[in-house]
């Protein structure tokens, strides 16, 4: 570690001092709603026997990641808003960065696995139980988490082994790649290039698998051409497709951009979308589009 900086200071919300209390209440309510929605979804999936299937196993993993993502960044942000405790140690910033990139990567890979699952469900409905068996689902889930951790380890090692010897003020409310790299007093072009190449390769490959899966689904729809098939397929894939568009749009806008295109205000808004609003909307999207999930959630709420 070549750093001479022992701590960082978040200044991403310092220009909102006059509405600090309002932001605190707003973000706290969003965080609590996100926790409640995803915990209820996890409880419903684990306790309802009707939801013990591959698609809901994967959805449970998605809800767990949606619990972790805001928990990594929101408590520290709330502390900065209410108590003005904006400092974070170097090791704390490293851990926050590693955890966030790991969760984001895991969610991208998991959404790709879910696209494959939907493709098998539509194109091979009779063989679906044998193809998407419990062993394969467990292997896919473990592979998703392991790949996300390895990807985050690479990115974190590239970002936090550079020299920090100047300003320690992070123009963001958490330790993200672009604002941390901006504090380096050494050249970061080669590291940025590696980050862009790795993120581009992983992002394009997962996006390609998702697109190919939906192309197969579209071809299957056109081949069958039976009454009501569009509605049936949309009810099967609509929730996943909505979540994919929301998540990919925000993450690509943040991470697959070179530093010279970095915009502070744009980055704050986009990071709030995938860091806070996306985890909040995911359980809502899946519950609104799925009768089985709605029934299970009603049973959980009635028991509570």
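Just so you know, the numbers here start at 1 and follow the chain as drawn.
In case you wondered, yes, glycine gets a Cβ from its N, Cα and C as well.
Looking up the ranges 249-268, 269-288 in TrEMBL, the one annotated as transmembrane segment turns out to be 269-288.
Of the listed segments 117-135, 136-154, TrEMBL assigns transmembrane segment to 136-154.
Using a Cβ-Cβ cut-off under 8 Å and counting only residues 6 or more beyond its ends in the same chain, the transmembrane segment (20-43) has close neighbours at 13, 59-60, 63-64, 66-67, 70-71, 74, 77-78, 81-82, 276-277, 279-280, 282-284, 286-287, 293, 297, 300-301. Regional average pLDDT for the domain 'G-protein coupled receptors family 1 profile' (37-286) in the model is 83.
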